[in-house]
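According to Swiss-Prot, the feature active site, schiff-base intermediate with DXP maps to LYS95, an assignment based on sequence analysis. Summarising the annotation, Swiss-Prot assigns 1-deoxy-D-xylulose 5-phosphate binding site to GLY156, ALA182, GLY183, ASN204, THR205 and lists sequence analysis as the type of evidence.
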Amino acid sequence: MLRIADKTFDSHLFTGTGKFASSQLMVEAIRASGSQLVTLAMKRVDLRQHNDAILAPLIEAGVTLLPNTSGAKTAEEAIFAAQLAREALGTNWLKLEIHPDARWLLPDPIETLKAAEALVKQGFVVLPYCGADPVLCKRLEEVGCAAVMPLGAPIGSNQGLETKAMLEIIIQQSTVPVVVDAGIGVPSHATQALEMGADAVLVNTAIAVADDPVMMATAFRLAVEAGVLARQAVPGNRSTYASATSPLTGFLEALA
């Protein structure tokens, strides 16, 4: 069970809505993933009507919506997008995204912290997408963010946990949930993140661009479940030396 702010989730896998070939395929994949929290970009949704091709199927599926501010380049733009989303969707939950460079899509740490502090004061439940910077993540926690979402690698890159060393520090020091977001390319990456101690992962591109998104979503669901179970089981310590699983000489002595 995962708790963030006032909500609890059975699944530790969050999903996105971009890059799917159709809305029907998107919903089928989300259902196969078991995800209960789904993020969607405000720039891709018609907020004036709930029969939008992306929004309507999600509402019907009964998932918790997490609008994001993707496309915002400044704190001011992100705050404006957040206010529009709250008014249109009736939710104060928000994935805060500010990335001014369209090529790399790396989050702006200064603008993100500035916007996060303002949005928390306005009553938003803020989940900020940020770099894997332990100092920044701690500052975001201190201003009241409900979780932090450090990247594993650049958005859509499928590179995996390239920031593993920093993620481990963030997980160790955080008192709010840590959701590894961006760069997760295959199910084993998700398993690794959960084994490390992350509370959840957010996956979009890896599922949406697969030849069979529904099958890939199922694979991610199982991978996340495996990661959670492995962490709860408490793995053995890593050792430099070999350690025999059975006696090496005792049986020979018994036969002598």
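Count begins at 1; order follows the chain as displayed.
Cβ atoms are placed via backbone N, Cα and C, with glycine included.
Location within the structure of each feature annotated in Swiss-Prot.
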residue: LYS95; record: active site, schiff-base intermediate with DXP; DSSP (3 states): strand
residue: GLY156; record: 1-deoxy-D-xylulose 5-phosphate binding site; DSSP (3 states): coil
residue: ALA182; record: 1-deoxy-D-xylulose 5-phosphate binding site; DSSP (3 states): coil
residue: ASN204; record: 1-deoxy-D-xylulose 5-phosphate binding site; DSSP (3 states): coil
Sorted by sequence, non-GLY156, ALA182, GLY183, ASN204, THR205 residues with Cβ within 8 Å of centre, 1-deoxy-D-xylulose 5-phosphate: GLY16, ALA153, PRO154, ILE155, SER157, ASN158, ASP181, ILE184, GLY185, VAL203, ALA206
Largest separation between Cα atoms (Å) of residues that the record links to 1-deoxy-D-xylulose 5-phosphate, namely GLY156, ALA182, GLY183, ASN204, THR205: 9
Cβ contacts of GLY183 (1-deoxy-D-xylulose 5-phosphate binding site) (under 8 Å, same chain, 6 or more positions away): LEU151, GLY152, ALA153, PRO154, ILE155, SER157, ASN158, GLN159, GLY160, LEU161, GLU162, HIS189
Which listed residue (ASN204, THR205) has most other Cβ within 10 Å, given these are binding-site residues: ASN204
Close in space, distant in sequence - ALA182 (1-deoxy-D-xylulose 5-phosphate binding site), Cβ under 8 Å, 6 or more apart: TYR129, LEU151, GLY152, ALA153, PRO154, ILE155, GLY156, SER157, LEU202
Rounded inter-Cα distance in Å - THR205 (1-deoxy-D-xylulose 5-phosphate binding site), LYS95 (active site, schiff-base intermediate with DXP): 17
Neighbourhood of the residue listed as 'active site, schiff-base intermediate with DXP', C-beta criterion under 8 angstroms, separation at least six: THR39, LEU66, PRO67, ASN68, THR69, LEU127, PRO128, TYR129, MET149
